[in-house]
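Okay, so here's the structure we're looking at.
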Amino acid sequence: MQAFVQFLGSNPYILLFLTIGLAVWVGKFSIKGYGLGAVAAAIVVGCLVATVGAAYGVKFHLDEFAKSLLYYLFMYGVGLRVGPSFVNALNKESINYAILAIIAPILGLAIVVLGTQFFGLPLGAAGGMLAGSQTMSAAIGSAEQAVSAGVLSLGSESPEQISAMIALSYGITYIWGTVGIILLCKYLPRIWGVDAKAAALEFEKAHGVPNVDDAGLTAFHPFDLRAYRVENPESIGKTVQQFRTRFPQYQVVNVERGDQLLGPSAETVLQQGDVVALGGRLEEMTANMGMLGPEVPDARALNIPLDQAEILVTNKEVTGRPLKTFRGSELAGQIQLQRVERSGVPLPIGLETTLQKRDVLFVTGLQPAVSKAGEIFGVIARHSSATDLLTLSFGMILGFLIGLIEVPAFGAKVGLGNAGGLLLSGIIVSSISSRLRFFGNTPNAARNILEDLGLIGFVAIVGINAGADLLTQLTGAIALKIFIVGFLASTIPPIIVWAIGFHIMKINPALLMGATAGARSHSGPAREAAKEVGSSVPWLGFPVGYAVSGVLLTVFGYFAMVLAH
């Protein structure tokens, strides 16, 4: 064991990725659906590894540059994720959700600061308690930034000791922070004597939102593709264009003649024995049996690739129209609408869902039909899995430049710093990209790498560097005080947010369940709320608050450290 510990001490890269791998593995374990998750596990595993190393006389310490770089990548990734929703929160339809998402973090910050001062907790406790009680692991980074930026008077304590206290406070408060908000979002309607399930059903009927129990994948397909052998004398000798004119409800997608595939050319003259592949709505395919001839199981003729595209809604003729008005259009049986996004936020697809300018439609269907849909709705963009590294690089540079800006205030110079600058630049880039769709493409998988690897790696380094000093600061009295403050900071804000949303803003209780979860920037409670009411309605109240509170809680780790001392 001694040799292995020394090996890790002399090979920091192996140490780092061993910690990350173990954290992801440990984070997968759960008891009745509750677990640490990879990020919380990273700080636990990091501290444990460092403690084991110290027991064998090896003090692990990883490079500060690597730690900062990982955190900066994470912050930019957060900006990319929340940007469209954050900007969308500024419109009048979302303002109530945004207000709730501002109230909750401010209350949590105030309770943490006052609790730290009341109990006289040591440096670092405030930042860790905020991160743990609000289940916002990113706040650990901004709390660390307060130490590295030199805005705190450290006294006799070392940066490593403060980092250890941040990690300790985070670990003590995280469990209730996670479980508590789930229980509150799930049971607050019952405490208030409200039937949230009935409220969800009422909202579904009024807005055409599909129920969560509706099958997401069924054997029924409204669009069908079939092959017919041309034997009907009325069709022999007619061109494909003439056939389309007579039967506009069908899409000719292929013509097979002997060993040749002629495609769907309008000038092609149909001959006896040709095999024609037709696409259309299922009811239409069975309405005119024999129009060409008998149906045949010709796999070669039916081997038609489907197309996928993202369509940016720009045409005035379609904006303001609910989806139900397109049910009778020629495209209704030829393309399938997978999802709709507005400012980067997915919308439930219902009959009353109204299209707005700059909405993005994700469609699948036959290539000609997809192209036609692009002409009808606006501008088409093909799906791409490539990341625009040029925009990513300049977005990072913009963030660092914003971080350099400082303004005089209260006798000192104040600025966003690198982390805040990158968060802001990510918001700017993703907001523009979500509207134009033709630059700055960062697929979800690529953005997840920035966020997941960045945050887990950063937190792992914090744990490794702080672990050796952790046990020296842990006492029962301090741990109890930290838990009490964390419990209050986690429990009180959601209750107040619910009361304001229900009594003052008159928000539908099912929506408010999701809004309360969003105000704490935690998707778990929204998921449980959806299960509780048997509807997807709570998710509608979630995205705006999730974006706004996520940004605020991320930077509030810094303010918790500064204001508490």
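From the backbone N, Cα and C atoms, a Cβ is placed for every residue, glycine too.
If you look up Swiss-Prot, you'll see 4-26 (among others) marked as transmembrane segment, on the strength of sequence analysis. Outside the transmembrane segment (4-26), and at least 6 residues removed from its termini, the chain residues within Cβ reach (under 8 Å) are 36, 38-39, 41-42, 44-46, 49, 52-53, 56, 58-60, 62-63, 66, 453, 456-457, 460-461, 463-464.
Residues or ranges marked as transmembrane segment by Swiss-Prot on the basis of sequence analysis: 33-55 (among others). Sequence-distant contacts of the transmembrane segment (33-55) (same chain, at least 6 residues past either end, Cβ-Cβ under 8 Å): 5, 8-9, 15, 18-20, 22-24, 26-27, 137, 140, 164, 167, 170-171, 174, 178-179, 182, 452, 455-457, 459-468, 470-471.
Swiss-Prot lists 68-90 (among others) with the feature transmembrane segment, giving sequence analysis as the kind of evidence.
Residues or ranges marked as transmembrane segment by Swiss-Prot on the basis of sequence analysis: 97-119 (among others).
Outside the transmembrane segment (162-184) by six or more residues, the chain places 34, 36-37, 40, 43-44, 46-47, 121-129, 131-135, 137, 140, 143-144, 147, 152, 154, 462-463, 465-470, 472-474, 479, 482-483, 485-487, 489-491, 494-495, 498, 516-517, 520, 522, 524-525, 528 with a CB less than 8 A from a CB of the stretch. What Swiss-Prot records for 162-184 (among others) is transmembrane segment, and it gives sequence analysis as the kind of evidence.
The average pLDDT for the domain 'RCK C-terminal 1' (210-295) in the predicted structure is 76. Look at Swiss-Prot and you will find 210-295 tagged as domain 'RCK C-terminal 1', backed by sequence analysis.
Positions annotated as domain 'RCK C-terminal 2' by Swiss-Prot: 296-379.
Sequence-distant contacts of the transmembrane segment (389-411) (same chain, six or more residues past either end, CB-CB distance under 8 Å): 72, 75-76, 79, 417-426, 428-429, 433, 439-442. Residues or ranges marked as transmembrane segment in Swiss-Prot (evidence: sequence analysis): 389-411 (among others).
Taking Cβ pairs closer than 8 Å, the transmembrane segment (415-432) reaches residues 68, 71-72, 75-84, 86-87, 141-142, 145, 149, 343-344, 391, 395-396, 398-407, 439-440, 442, 551, 554-555, 558 in its own chain, all 6 or more past its ends. Feature annotation from Swiss-Prot assigns transmembrane segment to 415-432 (among others); the stated evidence is sequence analysis.
Annotation source Swiss-Prot lists transmembrane segment at 453-472 (among others).
What Swiss-Prot lists as transmembrane segment is 482-504 (among others).
Annotation comment: Swiss-Prot describes 539-561 (among others) as transmembrane segment.
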